[in-house]
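Report on the structure given below.
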Amino acid sequence: MRPPSPLPARWLCVLAGALAWALGPAGGQAARLQEECDYVQMIEVQHKQCLEEAQLENETIGCSKMWDNLTCWPATPRGQVVVLACPLIFKLFSSIQGRNVSRSCTDEGWTHLEPGPYPIACGLDDKAASLDEQQTMFYGSVKTGYTIGYGLSLATLLVATAILSLFRKLHCTRNYIHMHLFISFILRAAAVFIKDLALFDSGESDQCSEGSVGCKAAMVFFQYCVMANFFWLLVEGLYLYTLLAVSFFSERKYFWGYILIGWGVPSTFTMVWTIARIHFEDYGCWDTINSSLWWIIKGPILTSILVNFILFICIIRILLQKLRPPDIRKSDSSPYSRLARSTLLLIPLFGVHYIMFAFFPDNFKPEVKMVFELVVGSFQGFVVAILYCFLNGEVQAELRRKWRRWHLQGVLGWNPKYRHPSGGSNGATCSTQVSMLTRVSPGARRSSSFQAEVSLV
């Protein structure tokens, strides 16, 4: 009887890499990965050698040479027992060395591995196996969580982008920037799904192989979309701060600068990272983050998070000054409630929550960081779409106007030549919204535009 094939060597290496990533310090991850790949290459060489020797052997009475995905068992006469050392791959799993495994050659062929499967026979204890099972369940839950989050965000963002695009009364610089931010969230969600499809569903998560061009292209697209999303969050901060800090400025001129920052800067860093990976680390699917090349991607993102957080503090400070005119009574708490409300509205728009883990080491609370950045972060696009489109007073008024018009056309067959009270010029709605801050803020155009941001509900 031929024994069932054990776990393939590549999957053992993937498990070893996962354990090393979760338990080991960040500085030793590159060395562990190299050691893991050395074992994979050694096992592949042994596999090839075993098959070649098996083809050259003459037929013998007994059990022929066999490869069980980890060990090459020599041809053996019936009735004998072969004892071999545990594969070296288990050095990555267990500190217990010197263990052996054996098989017996019987009339029915090779017996099962003794004293048990490789993990038991070679010292992979129950604690390590239980830890791996818990981590597998945890990673599965995280993947399910961010899949739901990105799916929900993708649906709401597509609708929100369509609304801002189709209604001409909503066309203005502020909403154009919102649309680009929505598109960056859409691309990020799509990139996550494409990356998961390339890495997990196609089975290309092995870091020791060369990796397909399609898988690498998916990772390049993913890195670009993530960085572009962070830079469009930065653009939102820059735009709001400019409205408050600059007396007169050309929105059209600044808008093209925002386009360059939001889409151009990420493309530059992504191209540099791609060229560096091709020349220095062209292995696997380019999904490793344990080398100095990762800073080509991580550095600009951290910079954008830090700058946006500083802008957030400055805007809150200016907003507090605007909400506290000299004639207001100290006992009046309404300005502070408006400030708290405005602050909560700006947090998802600026991505302020990313500052919590941005500058901690990669091995600091990895599970908490993973849940916060992947699961919670996946719902950011959904929250932004709700706050800055569906709960926006301008959008709701325009939707009600369109609904009344469609209703009259459908029920009465009437096609009114409707003209908006604002005079019909594009963008008028964006700069004339009455906000909760109007009573204490100047009526200037740039101030009213900012008020529209912090008083959407």
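Every residue number used here counts from 1 along the chain in the order it is shown.
Using N, Cα and C of the backbone, Cβ positions are placed for all residues, glycine too.
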CYS105 has a disulfide partner in Swiss-Prot; which of CYS50, CYS63, CYS172 is it? CYS63
From CYS37, CYS72, the residue that Swiss-Prot pairs with CYS50 through a disulfide is CYS72
Membrane-side pairing of LYS253 with ARG317, Swiss-Prot annotation: yes
Pick from CYS208, CYS215, CYS389: the cysteine that Swiss-Prot pairs with CYS285 in a disulfide bond. CYS215
From the list CYS37, CYS122, which cysteine is recorded by Swiss-Prot as disulfide-linked to CYS86? CYS122
Disulfide-bonded residues near ASN100 (N-linked glycosylation site): from CYS50, CYS63, CYS86, Cα within 10 Å gives CYS86
For the topological domain 'Extracellular' (277-291), give the DSSP counts of helix residues, strand residues and coil residues. 4 helix, 0 strand, 11 coil
CYS285 (disulfide bond): which of the recorded positions ASN69, CYS72, CYS105 is the nearest Cα neighbour? ASN69
If we count other C-beta atoms within 10 Å, could you say which of the glycosylation sites ASN58, ASN69, ASN100, ASN290 has the fewest? ASN58
I'd like the number of other C-beta atoms within 10 A of the C-beta of CYS285 (disulfide bond), please. 23
Can you give me the Cα-Cα distance between CYS50 (disulfide bond) and CYS215 (disulfide bond) in Å, rounded to a whole number? 31
